[in-house]
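What Swiss-Prot annotates here:
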- ASP6, THR120, ASP121: Mg(2+) 1 binding site (BINDING)
- GLY9, SER10, GLY45, ARG49, THR140, ASN141, TYR146, ASP149, SER182: ATP binding site (BINDING)
- GLY44, ASP66, THR114, HIS115, PRO116, GLY117, HIS118, THR119, THR120, GLY179: UMP binding site (BINDING)
- ASP121, SER182: Mg(2+) 2 binding site (BINDING)
Amino acid sequence: MRIVFDIGGSVLVPENPDIDFIKEIAYQLTKVSEDHEVAVVVGGGKLARKYIEVAEKFNSSETFKDFIGIQITRANAMLLIAALREKAYPVVVEDFWEAWKAVQLKKIPVMGGTHPGHTTDAVAALLAEFLKADLLVVITNVDGVYTADPKKDPTAKKIKKMKPEELLEIVGKGIEKAGSSSVIDPLAAKIIARSGIKTIVIGKEDAKDLFRVIKGDHNGTTIEP
């Protein structure tokens, strides 16, 4: 299979870089890449939001703040490249053609953000569509898609299986600003819906056994037509 992994910055760098998790996810990705083609997109997380909050004090535009976030995602991507060592494509990939070339070289391309207005969720969904991937795996700080934000609504229930259209109903009303964070952002949900790509949303614990996840054995949410 060809698989794109979308790793949230809040998972990789919650407050500071989670060295143990970075080592573990690098090991898991390396093992999966022995039998499958793998590409990765890394988010900015809290660090990106901290920088964006400071930029707001200077009345920076949303586009300018997006550029700040993109730089942080690429710094996070470099940490994962360091952990993947020789298995990774040696530089942060900045466009889909380069990612495709890296996959052909049997390397793992690691991307951050690309363009203002696109979250890394959207980048991952677009990359999966571009590469004609068989599977998109979203690793986030919430262990699946819920009927509402479980951090704000105690009655929220996890959805084990859903169609892309149902995902759009849940997340499609959001307005994305620089540094916005949701389990999957509206643009990514639209791309997932139009491409029909099978998507799995999991939390940090499930990410410790990616072979099990890609076989469908996980505690998260599966999204497919």
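Glycine too: its Cβ is placed from the backbone N, Cα and C atoms.
Feature map: annotations from Swiss-Prot on the structure.
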| residue | record | CB count, 10 Å |
| --- | --- | --- |
| ASP6 | Mg(2+) 1 binding site | 28 |
| GLY9 | ATP binding site | 27 |
| GLY44 | UMP binding site | 32 |
| GLY45 | ATP binding site | 25 |
| THR114 | UMP binding site | 19 |
| PRO116 | UMP binding site | 15 |
| THR120 | Mg(2+) 1 binding site | 29 |
| ASP121 | Mg(2+) 1 binding site | 29 |
| THR140 | ATP binding site | 25 |
| TYR146 | ATP binding site | 19 |
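Same-chain residues that are not part of ASP6, THR120, ASP121 yet have a Cβ within 8 Å of the Cβ center of the Mg(2+) 1 site turn out to be ILE7, GLY8, VAL41, GLY43, THR119, ALA122, VAL123, ALA124, ALA125, VAL138, ILE184, ASP185, ALA188. In terms of Cα distance, the binding-site residues that sit within 10 Å of THR120 (Mg(2+) 1 binding site) are GLY44, THR114, chosen from GLY44, THR114, TYR146.
For the pair formed by GLY44 (UMP binding site) and ASP121 (Mg(2+) 1 binding site), distance between Cα atoms is given as 11 Å, rounded to the nearest Å. Taking the Cβ of HIS118 (UMP binding site) as reference, residues of its chain lying under 8 Å away and at least six apart in sequence are, in sequence order, LEU126, LEU187. Here GLY9 (ATP binding site) is compared against the binding-site residues THR114, PRO116, ASP121, and the shortest C-alpha distance is to ASP121. Cα separation, TYR146 (ATP binding site) to ASP6 (Mg(2+) 1 binding site), rounded: 18 Å.
The two recorded residues, THR140 (ATP binding site) and PRO116 (UMP binding site), show a Cα separation of 21 Å. According to DSSP, GLY9 (ATP binding site) sits within a helical segment.
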